Amino acid sequence: MLRIGMLTSGGDCQALNAAMRGVVKGVCTKRDDVEIYGFEDGYKGLIYGNFHMLTSKDFSGILTRGGTILGTSRQPFKLMRVPDKDGLDKVAAMKHTYHKLSLDCLVILGGNGTHKTANLLREEGLNVVTLPKTIDNDLWGTDMTFGFQSAVDIATDTIDRIHTTATSHSRVFIIEVMGHKVGHVTLHAGIAGGADVILLPEIPYDIDVVTDVIQKRAAADKKFTIIAVAEGAISKEDARLKKKEYKEKLAKRKYPSIAYELAEKIQQKTDKEVRITVPGHTQRGGSPCAYDRVFATRVGAAAAELILNQEYGYMIAMKNQKITKVPLQDVAGKLKMVDPQDGIIKEARTIGISFGDQ
Ligand code: F6P
């Protein structure tokens, strides 16, 4: 008997179901003695022993379905070693559930925080295989995460729709794209949507540079300016603060988010009307795009191979267009940020996109 535990953890994204389907189809094609334990709402299910048994049939017809059939939740890594409100040792509880069910391995689908806990479970002696999910595409060790391309498509569609209304009005439009720590989605959607200014956490901006772009466009008879801003974009002034000072400043910020702060500053410094669009969680919703369906299926199938070969302790990744595996200890705790020196940034600058920095 092959007993596989499976969970999805952290913020959801498109293609989680497609990836799980890939794993189960891959395993069940080779073995007919498989038991699948689906843990509910991420690590919470593993901690408290909440699971349901699934068969390969449960994974049929879910290739195109958004969300996750298992549910998910955020269980911060930093609290994993802290007992819960009833004094329960969460790590011991997860190990207990794993051993009680005599699992052969855990398949864990998640992003950065999830991978830190997955690695912790590996260190604790559990057999773990992980899959790279997150719209943010900020997992170290893989060129791509599933969810990313779908989110880029949605954010791009938002910018496209803004473009048509923008051509009718002399306004500045700000579209706030998901990504608190990294700007991959904003960068790609910004370029794909033809944004004039792209503001990322990795490239601190100067508000005077941003307003200068707006004024120059107006002087060149361009009626509107479109700004794609990542949730975590930061000004040069704020980037000079210590992490703690910046956190305190953010906690006191009177604006709901960065787009509102920018809008007020732009309105103060120019005579332009500003409008804000925040697509928010729509970027994680709906069906995965074709790319994500293919990618999630490939990483799911690769995970199935590892399980069948009893090779554990890896995240399935994509490097240089090839599906590969990366040791979990190499992935855990590292962020893949946008590199300000990357070719894509240079190319964007070449065609006149401003990153608000120079
Ligand atoms: O990590 C994925 C992500 O969608 C980020 O881009 C975003 O900042 C965050 O999650 C939102 O988290 P939540 O769904 O918990 O509000």
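Every residue gets a Cβ built from N, Cα and C, even glycine.
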Annotated companion of Thr134, Ile135, Asp136, Met178, Gly179, His180, Glu231, Arg275, His281, Thr282, Gln283, Arg284 at the substrate site, TrEMBL, chosen from Arg171, Arg293: Arg171
Matching residue for the ATP site, where TrEMBL names Arg74, Gln75, Gly111, Asn112, Gly113, Thr114 - out of Gly11, Gly22, Gly26: Gly11
Cβ atoms near Gly113 (ATP binding site) (within 10 Å, other residues, all chains): 21
Recorded ATP binding residues, Gly11, Arg74, Gln75, Gly111, Asn112, Gly113, Thr114 - maximal Cα separation rounded to whole Å: 12
Maximal Cα-Cα distance (Å) across residues annotated as binding substrate, namely Thr134, Ile135, Asp136, Arg171, Met178, Gly179, His180, Glu231, Arg275, His281, Thr282, Gln283, Arg284: 33
Distance, Arg284 (substrate binding site) to Arg74 (ATP binding site) (CA atoms, angstrom): 15
Output field, ATP shell: CB within 8 Å of site CB centroid, site Gly11, Arg74, Gln75, Gly111, Asn112, Gly113, Thr114 dropped: Ser9, Gly10, Gly42, Pro76, Phe77, Gly110, Thr134
